[in-house]
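> After the structure tokens below, expect a handful of questions from me.
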Amino acid sequence: LTLFFILFIFSQCDNAKGLKAFYDAIKYGPNHLMVFGGVCATVTSIIAESLKGWNLVQLSFAATTPELADKKKYPYFFRTVPSDNAVNPAILKLLKYYHWKRVGTLTQDLPRFSEVRNDLTGVLYGEDIEISDTESFSDDPCTSVKKLKGNDVRIILGQFDEEMAVKVFCCAYDEEMYGSKYLWIIPGWYENLWWESWINSSQCLSKNLLAAMEGYIGVDFEPLSSKTSKTISGRTPQQYEKEYNAKRGDGQSSKFHGYAYDGIWVIAKTLQRAMKYLNATTKHQKIEDFNYTNHKLGKIFLDAMNETNFFGVTGQVVFRNGERMGTIKFTQFQERKEVKVGEYNAVADTLEINNSVIRFQGLEPPKDKTIIQEELRKISLPLYSILSALTILGMIMASAFLFFNIKNRNQKLIKMSSPYMNNLIILGGMLSYASIFLFGLDGSFVSEKTFETLCTVRTWILTVGYTTAFGAMFAKTWRVHAIFKNVKMKKKIIKDQKLLVIVGGMLLIDLCILICWQVVDPLRRTVEKYNMEPDPAGRDISIRPILEHCENTHMTIWLGIVYAYKGLLMLFGCFLAWETRNVSIPALNDSKYIGMSVYNVGIMCIIGAAVSFLTRDQPNVQFCIVALVIIFCSTITLCLVFVPKLITLRTNPDAATQNRRFQFTQNQKKEDSKTSTSVTSVNQASTSRLEGLQSENHRLRMKITELDKDLEEVTMQLQDTPEKTTYIKQNHYQDLNDILSIRNFTDSKDGEKAILKNHLDQNPPAQWGSSDPSRTSKDPIEDINSPEHIQRRLSLQLPILHHAYLPSIGGVDASCASPCVSPSASPRHRHVPPSFRVMVSGL
């Protein structure tokens, strides 16, 4: 091939000198067929833009600037060296190989690097790879590096020169953006040991810089092919390199020498194809006939250049829109040197990575972002098992108390303590126990939908259980309070059915609150996310703990309503316990145990609620506190109610049913068994209340005053005749003494003994027929004080007066076969006339 027609340009980057040399060659030299060369981007771009006017094709072997890839502006420009943009398809292939879908860019503010960055953005667009942050800098890259770290960028694509590279890695070391979690991909065309030339210009220690650089990947075109096949010249790339180094001697080596060598072969093959074309189409025109105005030959050369395809020392030489489809190599910085770890073939669009050579700082390639693995903070299975076992023991204890209560329900001690209410207390305790099983079930045991259902169920069970237990306890205490404190209630029967209605009313309030809560603002499953934590196993992931909660929009309001109602219920219980503290029958007086229960439950609930709120991010601690509070409150309540009864029943059952002030016994009648056992017990014991008797005595004294006035009037009427007085004394002495004997009751020493005495005269009363026969009788019609009138008057007045005061202490029951007296009376009752029989049932 005759190459003297080729214009070789190896100009320096001085625009004036380079352009002058080119124009002088065009003007004063022979006609040139092509232009080969152009190293400096500024000169090459100006020449390439002007070649269209001379129909000259330019082939460069060293100009890598992406700007020259614009075919509209540079239609006659070709190059055997890949452009800087040629690394972007290789980077895309590398990202896909390691499944990196999130990257960030760090670019020096120079057109050369900005153009590569812009082209990379276009390449990555639509490939499902996100550029999460794009940073650029002029002199100080630390601010940009800091922003990249703040945006959690792990894979950084850098475009900067050697000087800025030293600063970038120093900033990366300061920000700890190196090691197993980060990977830097930067240009690979830096000189060997490039950092040593710029280390002194930075404030970074050499070891720190090398630590930050360790593992970075450089991307650049391959100077020579690594294949061992023979090239178009008949030599393998290795043979060519050996021959080149031998002829070069001690001269400086250029990485573009292989592209220059292949460039000569490109020109030769282009001219050869052009000559063949001319020979095949016309016999009169040759390539020597080319001139700068011959557009036809210029078009032939351009088309022949585009058809280039051969294997050279730099690999397969193929042009696509004037751009070389070359081979891109990947190198990795390992222990102060760069090691080739893979290559990308642009012609075949294939990537080869040498996995035996490439090394990462961690056990695996770094992640493209902080892999956040959500981990449910769940309740420990051993903890749940332990607390469940304690709960089962509590339920077994409650079942034992229930068996004890049912078995001994006919015992006097248990009867007086309201066995039905005791059963409700046990039921409430068991419901509270059962809620513990539900509180321990979270997302590790049940699905999300089931968990949301459990939120409602466990709230209902605990609320109803609490109200059932304490409502029953307070209801039976209210009955004792009503009998001993309310005089009007002493004559009324308070049956267990009424207490059940009271407990039902309390539960109805609970149901109203819970139903409104469920309808208006139901409980939902919410997930609370916490700050990320490092993986305990050392993997390149971060653990984000999540915790399930049962919440709604107005959680505080609903909890406030429930707490307020339960608080009022507890205060009501405290009030009843205080009011009944002086009841002297142990079987009825539970005030001390109620007070202890309320105190313990109140304190434990306050402490438990506070600790549970403070430990809501620690499910194990929270569940442990809640479960222990429920177990403690339920257990202590049941034990305080039933353990004393169990002990008393086994030691001295009779003592608990007797008044502490008046030890008495009484045989109840057959008719009394028809009434409620609890009511009879309370009625028998009511006479021991000092306050009630004092109130009753006051009322009796007022009535006696009225009776005294009536008696005084009768006496004054009878004072006129001694015979009349004698008549009264003899015939109604017993009745008058019965009336007057009430004073013995009202004037008793302590005011507590309700004992009726029948005062009989020691001397037998005289009969009406035994009056003095010497007495003269008057006409009964004329004398109003005649014995007939007196007898008729007293037969009406005395029974009326007698009945007037007897109802104040229980009334008169003519059907009684025997006198019914106060519990404090002797079992052997004195005989009274069968016409007046006393029943003290109101007390």
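Including glycine, each Cβ sits where the backbone N, Cα and C put it.
According to TrEMBL, the record shows the following:
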type	residues	note
SIGNAL	1-18	signal peptide
TRANSMEM	381-404	transmembrane segment
DOMAIN	383-665	domain 'G-protein coupled receptors family 3 profile'
TRANSMEM	424-445	transmembrane segment
TRANSMEM	457-478	transmembrane segment
TRANSMEM	499-520	transmembrane segment
TRANSMEM	557-578	transmembrane segment
TRANSMEM	598-614	transmembrane segment
TRANSMEM	620-643	transmembrane segment
REGION	665-695	region 'Disordered'
COMPBIAS	675-689	compositional bias 'Polar residues'
REGION	761-783	region 'Disordered'
COMPBIAS	764-774	compositional bias 'Polar residues'
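Any idea what these are sitting next to in the structure?
Proximity of distant same-chain residues to the transmembrane segment (381-404), defined by a Cβ-Cβ separation under 8 Å and at least 6 residues beyond the stretch ends, is recorded for 422-423, 426, 429-430, 433-434, 436-437, 440, 620, 623-624, 627-628, 631, 634-635, 638, 641-642, 646.
Counting residues 6+ beyond its ends, the transmembrane segment (598-614) has Cβ neighbours under 8 Å at 470, 570, 573-574, 577, 621-622, 625-626, 628-629, 632-633, 636-637 in the same chain.
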> Could you tell me what the rest of the chain brings near the transmembrane segment (424-445), counting residues at least six beyond its ends with Cβ under 8 Å?
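Residues 376, 378-379, 384, 387-388, 391, 394-395, 398-399, 401-402, 405, 451, 454, 457-458, 461-462, 464-473, 503, 548, 619, 623, 626-627, 630-631, 633-634, 637-638, 641.
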> Checking distant contacts: for the transmembrane segment (620-643), what same-chain residues at least six beyond its ends satisfy Cβ-Cβ under 8 A?
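Apart from its flanks, the transmembrane segment (620-643) reaches 379-380, 383-384, 387, 390-391, 394, 397-398, 401, 404-405, 422, 425-426, 429, 432-433, 435-436, 439-440, 462, 469-470, 473, 590, 593, 596-597, 600-601, 604-605, 607-608, 611-612.
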> In the same chain, which residue numbers or ranges, 6 or more beyond the ends of the transmembrane segment (499-520), come under 8 angstroms Cβ to Cβ?
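That would be 418, 420-421, 424, 456, 459-460, 463-464, 467-468, 471-472, 475-476, 478-479, 558, 561-562, 565, 569.
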